[in-house]
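According to TrEMBL, the feature active site, proton donor maps to His571. Under the heading AMP binding site, TrEMBL lists His571, Asn572, Trp573, Arg574, His575, Asp612, Asp722, Gln775. Residues annotated as Zn(2+) 1 binding site in TrEMBL: His575, His611, Asp612, Asp722. Per TrEMBL, the feature Zn(2+) 2 binding site maps to Asp612. The compositional bias 'Basic and acidic residues' feature in TrEMBL is assigned to 1-23. According to TrEMBL, the domain 'PDEase' annotation covers 495-818. The feature region 'Disordered' is assigned by TrEMBL to 1-27.
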Amino acid sequence: MQRNRSKIDESQRKMYRSSHDSSETSGQILTEEMVSRYLTRKPNFIKRWFKDNATNDLLNDCIQLKEQNEFLPKPRTSVTHEMFNNIIQGNISNHTVSSSNSQLYDYMHLNENELFFELIRDIANELNVDVVCHKILTNVSILTNSDRGSLFLARGPKDARYLVSKLFDVTAGSTLEQSLHKEDQQIFIPFGKGIAGHVALTREYVNIPDAYEDPRFNKEVDNKTGYRTHSICCMPILNRDNVVIGVAQIINKKTGTHEFTEKDINVFRNYLTFCGLGLSNAQLFELSIQEYKKNQLLLNLARNLFREQDDLERLVNKIITESQGLMQCARCCIYIVDQSILSSNKPEDIHFSKGFDMIYGEEFKVTTNDFLENSRYAKFAYHVATTMETVNINEISNDHALSHLLISNNDDKFELKNLLCVPIMDDDGHVIGVSQVMNKLHGRAFTEDDVAIIEAFSVFCGLGIHNTRQYEYVVRLTAKQNVAFEVLSYHAVASEEDVQRMVNVSIPEANQLRLYSWEFNDMILTDDETILASIRMFVELDLLKIYRIPHDVICRWMLSVKKNYRLVIYHNWRHAFNVAQTMFTMLTAGRMNARMNDLERMGLLIACLSHDLDHRGTNNAFQAKVDAPLAKLYSTSTLEHHHFDQCIMILQTEGNNILQTLTPDDYKLIIHYIESAILATDLALYFRKRGDFQKLVESRQERWIDPGRKELLRGMMMTACDVAAICKPWEMQQVIAKLVANEFFHQGDIERNQLHVEPIPMMDRDKKDELPKMQVGFIDSICLPVYKMLAEVESGLSPLYEGCKRNRENWEKLQQERDKL
């Protein structure tokens, strides 16, 4: 008997080795085409497979059929992809009937040879595990003439494997639905226990003539069902790696003494060899379906999480709902760690600010503070949050290491059987929450696969919770900014007392103020007179009448603009006022009025008066050096963007909107004019665009009608106005030059004393004697080119060019005199 068993085992091993000699069959489904190829290429292989149960006539018939190309039907096109899509779309039931009575009737008309190969083909292309298992048992019943059979599938990790009853008491004529064990009916048998467990552990078949004489046989099933078990033949099902993937068991030979013969065993064993391949393929296919569905669930979760970013409770509701569906559990809880302690590294500082709970079949709810402080579930969650480790307890009552966490002060009727708890982390590795699932459905335990799934799930949860918290933070920050904006707006706008005082003062005439003069001097005017002079410019251009601007509104806006200039040395309200007066003179005395429409004139004056709002007395490079907040907002033209933002803020403040009567289209257009004009005062932009402007000027054919080219012209006009102090009479130019130099020196002092860097020569107080030389360089590189080009565009602008040339001569003479000393 032992020799025969060894012989069979050796034969079985040879068959497995032979079946994998060719790479063509590795990891593939056994198809008719593959069997056909083996018959052609390996006749000895066929003889080895069937030598124990086939006669010479059978072998000869097989080879002859092959030679006649009649062994099997033509190979069918693979339906794996189509079947996969149908299953995931729900078009194919998982409980398809495997063998109908008509099929059984057809089998009865086949001879022994045809029957065996037909039963092999029956499972070759089947990819549903339940159907494959059912076909294995029904086909084995036909081949061995057994009364019924059962099949167990192997599960669990290597060190704790067990069998699960998949099908029980299957007969040749029973349907899948009649025999399939549902999850709550399944029997779990550890390897080594009972007859099936012994076969799974040893990988050796067992043939028991009298079951009642074997101590491993459990008579309880017979006692309950009334069925009498006489004989049992139990055999392992192996995969390509010779690993047990299941155990098949047949009971009671229908004829004779009910004992299974040596031929029955050979047929049983050889058929299970094919079945091992078919079952492995079906399990791989089932695993791919499961993985696909899990991935779809995770993708659906991610999609939902990123849709719900404005409300934490709704987000967690979706998380818990998805968790229960994904993990197949009876209860799920989510705990949110208090944000105020996220930066703490002390475990004792961790506590939960919120908790959410859902029991299967009940409504989602927010937990009470008592639940967070006293429930055993929260204690488990706290343990996970502090240790940052996953906890998987499949037998709560047997886990002594965490038994102290089972003590609960609250009355909870939920029977906790098993628990899986994982930390939820943010991008910085801080625990921001804990996900907890309890009681796997159908009495099962949480597996390593479940742990992997919920850990991946928790990554998405962490992103969702973090994003929602960030959104809530941004909402709060926005609210704070709105409050701050209201406060600043109140203090930034002119007081009603000042407005009423200015409203009641008559506006001097333009000639009285000398607004049309290129030699205009603001130093002789008081601050109030500069406000009145600014309003007069709008009056002279007829803008107040055209755009129906109320007198109190223009007074309030003008006073608010002045109020938002800081008391720095040079870039203050007086500088802005002078820039606006130069623009006014260019439009009027310089005859540029004819080239601009009303909206452009209005936009240019607003831009000039606003172009240095809230200037800090330092340049763009300094903002970057000190990593100022403004530099974080704008990477280029930092201060210019800020000036524009301040301009818009004032215009949008109640009582200051001088553009309130404009149509939406005109409003949008004039805002564009203002923005481009203010940004044009950045000399970096001037240098980039000067070449294009020069080409247009030199062509002498440009009429400045195209919007893009006209914007370029307005930009050059803004630069000319911004540096127009260089064109003033020599006495004024010297005073203004010293103001500019002192502001630059002030920045240089900060760089040297606070930032510990050496300032550039223009800002180095130690080189103040080089001011004439620096002024000549400034005129040559920036001023003369723009004034020369503008004079060529419009001869009425020549006074600016001439004044600039005179001052260059004066600075050069001064430098020469200093060089002689």
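Glycine is treated like the rest: Cβ placed from N, Cα and C.
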* To do: Please determine which of the recorded positions listed here (His571, Arg574, His575, His611) has the lowest count of neighbouring CB atoms within 10 Å.
  => Arg574
* Asked: At its widest, how many Å does the recorded AMP site span between Cα atoms of His571, Asn572, Trp573, Arg574, His575, Asp612, Asp722, Gln775?
  -> 23
* Asked: Near Trp573 (AMP binding site), which residues of its own chain have a C-beta under 8 A away, given they sit six or more steps off in sequence?
  -> Asp527, Thr530, Val561, Lys562, Tyr565
* What mean pLDDT score does the domain 'PDEase' (495-818) have in the model? -> 95
* Would you say which of the binding-site residues Asn572, Gln775 has the most Cβ atoms within 10 Å of its own Cβ? -> Gln775
* Cα-Cα separation of Asn572 (AMP binding site) and His611 (Zn(2+) 1 binding site), in Å? -> 10
* Asked: Taking the Cβ of Asp612 (AMP binding site) as centre, how many other Cβ atoms lie within 10 Å?
  -> 25
* Quick one: which residues besides His575, His611, Asp612, Asp722 have a Cβ within 8 Å of the Zn(2+) 1 site's Cβ centroid, in sequence order? -> His571, Ala576, Val579, Cys608, His615, Thr681
* Check each residue in the chain of Asp722 (AMP binding site) that is at least six apart in sequence and keep those whose C-beta is under 8 Å from its C-beta; list them in sequence order. => Val579, His611, Thr681
